[in-house]
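Straight from TrEMBL, the features:
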- GLU446: active site (ACT_SITE)
- HIS445, HIS449, ASP522: Zn(2+) binding site (BINDING)
- 1-20: signal peptide (SIGNAL)
- 119-140: transmembrane segment (TRANSMEM)
Amino acid sequence: MNIPVVFYILLISLIGYLKRDNIAELGINLADWRDRQIKESIEYDKFKEYLEKDRIKRVDFYENEQIAIVDIANPEFGTNSLKSRVELPLGPSPSDLIVKLRKLKTDFTVHPSFSYETLWSVIGAFVFPLLILGLMSLILNFSNSNEWGDNDFFSGFGGPGQLMNFRKARVKIQLDANTGVLFKDVAGIDEAKQEFEEVVTFLQQPQLFTAVGANPPKGVILVGPPGTGKTLLAKAIAGEAGVPFISISGSEFVEMFVGIGASRVRDLFKIAQQNSPCILFIDEIDAVGRKRGTGVGGTNDEREQTLNQILTEMDGFNQNTGIIVIAATNRADILDSALLRPGRFDRQVSLNLPDLRGRTEILKVHSKNKKFSSDRVLKIIARRTTGFAGADLANLLNEAAILTARANSEAITIQHINTAIERIIAGLEGTLLGDGKSKRIVSFHEIGHGLVGTLLKSHNIVEKVTLVPRGQAQGLTWFSPSKQSLLTRGQFTARIIGTLAGRAAENVTVGKREFTSGASNDITQVTSVARVMVTRFGMSSLGPFALLPPSDNGPIFIRGKLNIKSAPEYSIETTTKISNDIYNILVEGLSSAGEIIQINRVILDHLSEILMQEESIAGNEFKNYISVYTRLPHIRQKRLFRKSSRKKTTVKVIEYVNKKDTIKKKEEILV
């Protein structure tokens, strides 16, 4: 803050406060105060004598005409006069004296009672701003000199040296070449690390590139889901190259003040040039780098100005300055095309979710300080955590370690891992339902999922069926995640049938009038899957072309006008066909699930009773129960189900029937 500017502002404010009337009143009061300090005094009789001799030139009355300051002409002083103080008696009326002064044509003035209010108000107008200004100057001097260090009070103003510097970029600068992260600390993204090896070589030995006329990339965008290691990889590049690491988040550019974002961009690149060679990392660049012209209202808002400044700055420095700009985002599809052109962000490096080998390597990195009960635990975790990012795996091991410490165990077991996975995915463990109708219906529902999922050939394998509530779910059926990245129509169909098997089991056991709302999440999931099959993957009678909903075609308004692309790209008749195809897929899935459950009602009832007693059934145990007795629908649907190598045998199957609390055995059944 410029101190002279503050003085100018203070002076203008003071002049606005001191209007002409206030200044005049101040001058009169100051003159009154000066007259009242006269010490010479004369008696009232002497005053009347001088008045009769016409030696009184002027009279000033004060304090309700009780005191008078008179100018007495003295022949000894020539033209000068002597001021004296006269205390007027209470007896005579002051008006009589005033009448006499008028007759003698003597000047007089009756002053109001002296007031200190105006004087103090003016003094306050001066002193109070000066005190504030002095305090601000003190804070500025101390903060700029860093004498208060990391004091909590001044950290609220932005920290030492940052007070009032809201236009400057709030960057995190790590000038030490050792960032604490190297390529060996980054696992599961080997392809991305190979892509950045030449960037490290350029930062260490730029002459190898300049000698052959090669220019390194100005910028690289890391694209990937949250938790895949984008920030960690950027730090590893700086650590391997031994250069400073400067980082900032895209959301820190834009604030409520116009022009702040562009100013911070200029300041950011200035800092980078002062510390080159270096890595300049912009996290969540989509906060300022999204496509221009997609705002509602049509104004060139602060975000667009910030983006324009980023484009200008990236054009402004040479490729051989030693500055590599790395940006991270999980929404590359919404970035402005000008940001992605060659010469700015030349490359895009995708960081996908790790595969089985990648998850194993990541788990090895995060398990260095942890003790496990078996060497096979990490491999089991890697197989069970398909779809987990690196950050998810680190969190999983930490949760398992917390559970281990809570149980006073010496090492992390697979049971701790399973509990941690369930807690992360489904939420905290709730209170079990009491024995009764609700618990029985939930048991039928979960056994239905597991039964149909086990029988369907294209469905995932059952890992666990439980009545232990977690989150909003009263019961859960866990399936092993799929290892395939490409899903067939048969796999989609199997998932729909298996997901609707809970509702189908309720229909078969308690009837359509008694089924519950427990299938609400299942219905939402299968509706989304069916819609994707129809509108994106062409797995319906409508044919192989994409039918995107309006929400996927951009904003509804662009610069205040309707975005035509946001309207559906198909007719009302096509919309009806889409709805009909989705409906048919779901109805067929529910019908298939109901048919499977109806034919295998015996094992459904049997497993339901076991689940109510034991509350959880492990996957292997569940499959062993089903292998004893299963029946498939008619021949045309056998291709959907898993093959069994068992020969036909005669076995005894117990069917538990709730009828007056008695248990009856069913006759021998040929399987």
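Each residue, glycine too, has its Cβ placed from N, Cα and C.
TrEMBL entries are annotated by machine, without manual review.
Note that this is a predicted model, so its numbers are computed, not measured.
Shown on the structure are the features that TrEMBL records.
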| residue | record | Cβ within 10 Å |
| --- | --- | --- |
| HIS445 | Zn(2+) binding site | 27 |
| GLU446 | active site | 27 |
| HIS449 | Zn(2+) binding site | 27 |
| ASP522 | Zn(2+) binding site | 18 |
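Separating the Cα atoms of the residue listed as 'active site' and ASP522 (Zn(2+) binding site) is a whole-number distance of 12 Å. Other than the site residues HIS445, HIS449, ASP522, same-chain residues with C-beta atoms no more than 8 angstroms from the centre of those residues' C-beta atoms, the Zn(2+) site, are GLU446, GLY448, THR477, THR499, LEU500, ALA501, GLY502, ARG503, ALA505, GLY518, ALA519.
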